[in-house]
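Annotated NADP(+) binding site per Swiss-Prot: G166, A167, S168, I232, in sequence order.
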Amino acid sequence: MSAQIIDGKIISQTVRQEVAARVKARTDAGLRAPGLAVVLVGQDPASQIYVGSKRKACEEVGFISKSFDLPSSASEQQLLDLIDELNQDPTMDGILVQLPLPAGMDCTRILERIDPEKDVDGFHPYNVGRLSQRIPKLRSCTPKGIITLLERYNIEVRGKHAVIVGASNIVGRPMTLELLLAGATTTTCHRFTQDLEGHIRQADILVVAVGKPNFIPGGWIKEGATVIDVGINRLENGKLCGDVEFDVACQRAKYITPVPGGVGPMTVASLIENTLLACEQYHSA
């Protein structure tokens, strides 16, 4: 068996085109374009690249994008004051604060300061709570993007055993909620999990998000499984790889996401979808 590649680049581009068409329909009808405020604190090179890709995506689909770059010396209160201003700005439907934040800033306090109706990253406890109550609105971008991939490839989730490796607030925990909502029986593995191999060998759908290169041996993959690799790691030779041993896993899985070009592009596509949703649901005028 050689796994079918789940192409996140193609699906993300399709999603962007769909959003762009809806934005054009809005503006043709005399409504304003959705607005996204992107806040970057400091000079972290990786964060600058991520922010650049998000700003470019906004331009592609016809959004109004505003950039707010604060120096690494900015105080937590300065960032909170900026968020307060953006919460009151009627032209901004979404507020994105790029993570990680500089040391010393209270990430939880800052993310909770964002109006839940403008929380297009889907990190606010209100939005995570809505997902857990089966009434999602603004959903965490990476898990939402993964669900989109499964849907677009017509991969059955209902009744399947889904195993999530990693329990972060950004991916693992909301991913468990998304798969539960989709009808899967879920197992979430973390650093205290015993017999990780045993859990993985039972997975019809495996989602791995731990940030360790080739952490999951390909030989552990169940025959015919769907493998979603969220990790993106740079090796000493400069090449990128995921958290799953890709070449071996390909011989056992039915579907698999590559790294790069799998989950990553879907995170930005989901952010764009969330911003349009926030505009249509909460701030449309």
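The backbone N, Cα and C atoms fix where each Cβ goes, glycine too.
What Swiss-Prot annotates, mapped onto the structure for a quick look.
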{"residue": "G166", "record": "NADP(+) binding site", "CB count, 10 Å": "24"}
{"residue": "A167", "record": "NADP(+) binding site", "CB count, 10 Å": "18"}
{"residue": "S168", "record": "NADP(+) binding site", "CB count, 10 Å": "15"}
{"residue": "I232", "record": "NADP(+) binding site", "CB count, 10 Å": "17"}
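Across G166, A167, S168, I232, which the record gives as binding NADP(+), the greatest C-alpha separation is 16 Å.
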